[in-house]
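Swiss-Prot annotations:
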BINDING   GLY173, ASP174, ARG175, GLN176, THR177, GLY178, LYS179, THR180  ATP binding site
REGION    531-554  region 'Disordered'
SITE      SER374  site 'Required for activity'
Amino acid sequence: MSELTIRPEEIRAALEEFVSSYTPDVASREEVGRVTEAGDGIARIEGLPSTMANELLRFEDGTLGLALNLDVREIGAVILGPFEGIEEGQTVKRTGEVLSVPVGDGFLGRVVDPLGRPLDGKGEIVAEGRRALEIQAPSVVQRQPVKEPLQTGIKAIDAMTAIGRGQRELIIGDRQTGKTAVAIDTIINQRANWESGDPKLQVKCIYVAIGQKGSTIAAVRSALEAAGAMEYTTIVAAPASDPAGFKYLAPYTGSAIGQHWMYKGQHALIVFDDLSKQAEAYRAISLLLRRPPGREAYPGDVFYLHSRLLERCAKLSDAMGGGSLTGLPIIETKGNDVSAYIPTNVISITDGQIFLETDLFNSGVRPAINVGISVSRVGGNAQLKAMKQVAGRLRLDLAQYRELEAFAAFGSDLDAASRAQLERGARLVELLKQPQYSPYPVEEQVVSLWAGTTGQLDDVPVTDIRRFERDFLEYVRLRHHGIFDEILKTGELTDNVVESLKLAIAEFKQTFETHDGKILGHEEAPQLDESHLAAEKVRKHVPPSKPTTQRTAG
């Protein structure tokens, strides 16, 4: 009888062949788990040992759950939908799929929930594919510096805290200070680019509503429809009535939809309104899952919650198609406290912040942007050269005006230079005011700010500044339209444009009537009072008589 020999090489080859040809099949060995505890949107499930992190689970009634906690003996899952019908003892099955959402151009003009299902009653959405919610952000080599401007249409932002495509710019402030209005204005301002039909100019927009009132979301949708902006916008809605799981997932759903366009070489803008409520929803989920609480009862990974979300906004390299995803996260503060936990986290992640102040808002300065602490760290590289030329001293002038204004409040006597600076500062503040949902094209912003920063408005009463600006822009549009065309064509204020502007504003002042009936171009002599009249009597000039001389006979 021959001796049986086992060769290690043969065993190794057989194992390698088996491993290389093995494909896991969920259907062939279906795992079934059971609910051991359910309540408050959370379910604990025993069994299902092969479950993946962030895998979708299906309960008996068809409701989906998301596996978040993978413990030795049980799974902690957040229920994505109504949880009243889920009870202890019910069976749970794996789907074998990580959470993903449908994406594509079919989402433009639609309102969807965080799972990509339509909420607007307009029928099913035809998707181009699916994209995982948890996806790795672009690496360093896949990015390039921000260099293209994204115009918001708001003068104070485009001039002093410019935003570029691929940037993350935080909008922060107390409630009712106009944070959402700034974001909606930015979306509305993309309409001209959309109507151009040029894919290099077009920006597709996503508005993510997290924990907002249903009436607020409806008002935003109505404003976008009225402005003709809904056709290039998607709304991802997770209202206050939704479970915490939906509020936690909504920003990732919006990012997945936006990243689909970014990786196709297109440009997208996403608004997260607001991430404070997402952090609160994640805190509720984490506490219910019995994760250890940290500062302000938030879990230890709340920074990672926002960093991995906002890092997905990027300007891709040319090799990757050159697409971009610009992020406008919104954070709500309490009592203007920007040093709280979540605000400081997001400030450190983003590329700058626009700080809106309650006092400015209540005093009628809208948008209520505090230019002193608002900053854009990278947007200046993408700013139009013409805007840089006119806005170079704007921030400094406004800062000096605020300082002088506080000093003048004590009733101190000011010299002529300080008074002139106060007068110009008041006109600049008035010039930067802007009605809601009325963004300005960049060429009109340049002309307005040129007039303010070069002293052309110094003789216009403060109460007439906004009317003067509106009428002057209309005058330039009708009589000197070549100025706007030249600014858009060259991107800068050339000497010819400046001379044309000086001529145009001099002509316009000849026709502009102030609120008190004066024409700026006509200088009237001041009327004299009675005391001056007495001293100004006209006297007839009598020349002195010459002395007479007698001739004597000689």
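From the backbone N, Cα and C atoms, a Cβ is placed for every residue, glycine too.
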Of GLN176, THR177, SER374, the recorded positions given in the record, which has the fewest other CB atoms within 10 A of its CB?
GLN176
Taking only the binding-site residues GLY173, THR177, LYS179, THR180, which one has a CA atom nearest to the CA atom of SER374 (site 'Required for activity')?
GLY173
Could you list the residues of the same chain, at least six apart in sequence, whose Cβ is under 8 A from the Cβ of THR180 (ATP binding site)?
THR216, VAL220, ASP273, ILE330
Ranked by the number of other Cβ atoms within 10 Å of their own Cβ, which of the binding-site residues GLY173, GLY178 ranks first?
GLY173
Reduce the DSSP letter at LYS179 (ATP binding site) to three states and note it down.
helix
Which one of these binding-site residues, ASP174, ARG175, has the sparsest Cβ neighbourhood, judged by other Cβ atoms within 10 angstroms?
ARG175
Would you identify the secondary structure of ASP174 (ATP binding site) according to DSSP, in three states?
coil
Within the chain of LYS179 (ATP binding site), which residues six or more apart in sequence place their C-beta under 8 angstroms from its C-beta?
ILE171, ILE172, GLY173, ASP273, ASP274, ILE330, GLU332, LEU356
Relative to the mean position of the Cβ atoms of GLY173, ASP174, ARG175, GLN176, THR177, GLY178, LYS179, THR180, the recorded ATP site, which additional same-chain residues have Cβ within 8 Å?
GLU332, LEU356, THR358, PHE361
